[in-house]
Amino acid sequence: MNAYVRDSESVYSESYPPENFISNEPEKSKDKDNFNGEEVISYVGEVETVPAKEENVFRRFINGFKIEKNQQDSAGQGLKRRLKSRHIQMIGIGGAIGTGVWVGSSKSLYRGGAASVLIDYCIVGTMVFCTVYALGELAVAFPTRGSFVTHATRFIDESWGFALSWNYVFSFIVTIPLELTTGTMMIKYWTNLNSGIWVTVFIVFLFFINIFGVKGYGEMEFIMSTIKVVAMCGFIILGIIIDCGGVPTDHRGYMGTHIFRENAFRHKFKGFCAVFTSAAFSFSGTEYVGVAAAETENPAKAFPVAVRQTLFRIAIFYILSLFIVSLLISGADPRLTSYHGVDASPFVLAIKDANIKALPSILNAIILISVISSANAQLYAGSRAIHSLGCNGFAPKCFTLVDREGRPLVALLILFLFMFLGYLVETGQYDTVFDWMLSISGLGTLFCWGSICLAHIRYRAAMKHQNRSLKEVGFVSPFNVYASYYAFILVCLVLAAEFYVSIFPVGGKPDASAFFENYLSAPVILVFFICHKLYYKTKRITLSNMDLETDFAYKTPVEEEEEEEKSAGSLSIKQRMKKLSDMMC
């Protein structure tokens, strides 16, 4: 009688003591896991090591695309936990620096003026800060596929989860090819080569990144986010030098706050509301870090650090950078709206006005990297959103198919097919087409943020109602549930401001077409919610029947020990400095 002990390299046949032997005949066994049904022969009384069948790199690559047979993990549904803490931190930072701040800030500055930009971005920044903390607590407690759309389904309402999921997916279907067309506009800064060629290059590049699965996405995002962070810090330093008159080629001398004080509040209350909504859309993408929960090696360790850095990211990369640029470019500058693409970026205009020749081209390259990074992040988040549709029963089961490397194949294929919409850049009216397509899900980010806050509020209420302790959770928001109430109210105010500006646009008359372009997604998501509610007759989720057990990640003994050390005040100076560093950067 033999006992088989497996490891990754071989199968060992270990005999029992001689007195238990019955015969010396060879025994045969089939190990289907490691040998694909090949017979492993071992003789009683002997120990034989059978080397595992080695695969070359090419065969291993091909086999990686085979469908994962065992996808019973309810949390990940076949997704692989291969993202490290450094990936999560840089994904969070990368989501904060995109075209919204580089280029989109031009419209904000023109509509509302420097003071409105500063005030509105501070207000919306606090809203995002509170939302990310709520998301971090939910992601650590339930590190499941779908992240906040799954949380909305479980803690708010199944029909709302259905409507939110599809609205979120629609946004990626449109914005990814839109990012590709934006990238072609960046390249036109250097050459007028056919835009369709560059769309093809971008599609091939994104395909190449995603061949390597979630780890490839994480590494590429880490590299591109690092470049964006360095570039933003470099501009802040350069902006201070320009404002102080330290650039030899700039003959304007010291400027101080003179430009900032001119037209500080443009278009009065209407301008303030317009910037309020623009600021909210500029922060879109900060929720992507929550999507990665099901593919993070240690969510309980990675997410608290990434969440605590949110305040630092908002303060430096948005508030400080926009304050610096508003010292250099007036909100009344006609170039902010008469120019297009990167030429309208206040960051580029500030460098051009200082007569620094090479830097505008370098900054354009940085913005191009931001566009590619944004498309890469949206492809990742969008494919996981489509995958979660199938997992939650909101779409065909084929949407859940994942290969051995953890790639959601069908979800990625769907998004790659819609990328071909990027070739609309060859038509004359492509921007009009995208505007109407984007209107279907234009408010999706706000609905997501509001759902995160509401899900957190109801989750906390259910924990209290079911007599569950927050000590079971690996990470808890230090602001309790009050921060989620604050953020939820602000989301409602942003939606109201967008409604007001859509009816009474800045610098124009009321227009039905403009209104539906900006606000069509609100009635669309309500129609999805009502139709699903009526057809499936879903029941209301009460605090008593809310599921707090499935996929719940209990705090580990190691985390409990660390918590006890903190409460006992036994942290060393080195540990305290590390904690302060984690909170700030």
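The backbone N, Cα and C atoms fix where each Cβ goes, and this holds for glycine too.
The compositional bias 'Low complexity' feature in Swiss-Prot is assigned to 10-19. What Swiss-Prot records for 25-34 is compositional bias 'Basic and acidic residues'. For 1-34, the entry in Swiss-Prot reads region 'Disordered'. Under the heading topological domain 'Cytoplasmic', Swiss-Prot lists 1-89, 143-159, 215-221, 293-313, 383-407, 458-486, 533-585. The topological domain 'Extracellular' annotation in Swiss-Prot covers 111-121, 181-193, 243-271, 335-361, 429-436, 508-511. Annotated transmembrane segment per Swiss-Prot: 90-110, 122-142, 160-180, 194-214, 222-242, 272-292, 314-334, 362-382, 408-428, 437-457, 487-507, 512-532, in sequence order, evidence recorded as sequence analysis.
Between the transmembrane segment (194-214) and the stretches 222-242, 314-334, 362-382, 487-507, Cβ pairs under 8 Å are most numerous for 362-382.
Residues 157-160, 162-164, 166-167, 435-436, 439-444, 447, 495, 498-499, 501-503, 505, 538 of the same chain sit 6 or more residues outside the transmembrane segment (512-532) yet have a Cβ under 8 Å from a Cβ within it.
Segment contact is absent for the transmembrane segment (160-180) and the transmembrane segment (487-507), given fewer than three CB pairs below 8 angstroms at sequence separation of 6 or more. When Cβ-Cβ distances under 8 Å to the transmembrane segment (122-142) are tallied for each of 362-382, 437-457, 487-507, the top count falls to 437-457. Sequence-distant contacts of the topological domain 'Extracellular' (181-193) (same chain, six or more residues past either end, CB-CB distance under 8 Å): 99, 199, 202, 340-343, 361, 364, 367-368, 371-372, 375, 422, 424-425, 430, 434. For the topological domain 'Cytoplasmic' (383-407), the DSSP counts in helix, strand and coil order read 13 helix, 2 strand, 10 coil. Model confidence over the topological domain 'Extracellular' (111-121) stands at 91, taken as the mean pLDDT rounded to a whole number. Through the fold, the transmembrane segment (408-428) approaches residues 65, 67, 78-79, 172-174, 176-178, 180-181, 184, 194-196, 199, 202-203, 206-207, 210, 379, 382-387, 390, 398-402, 434 of its own chain, all at least 6 residues removed from its boundaries and within a Cβ separation under 8 Å. Through the fold, the topological domain 'Cytoplasmic' (143-159) approaches residues 74-77, 79, 135, 165, 168, 287, 290-291, 293-294, 296, 299, 384-385, 387-388, 391-392, 448, 451-452, 454-455, 458-459, 462, 529-530, 532-533, 536, 538, 540-541, 546-547, 551, 553 of its own chain, all at least 6 residues removed from its boundaries and within a Cβ separation under 8 Å.
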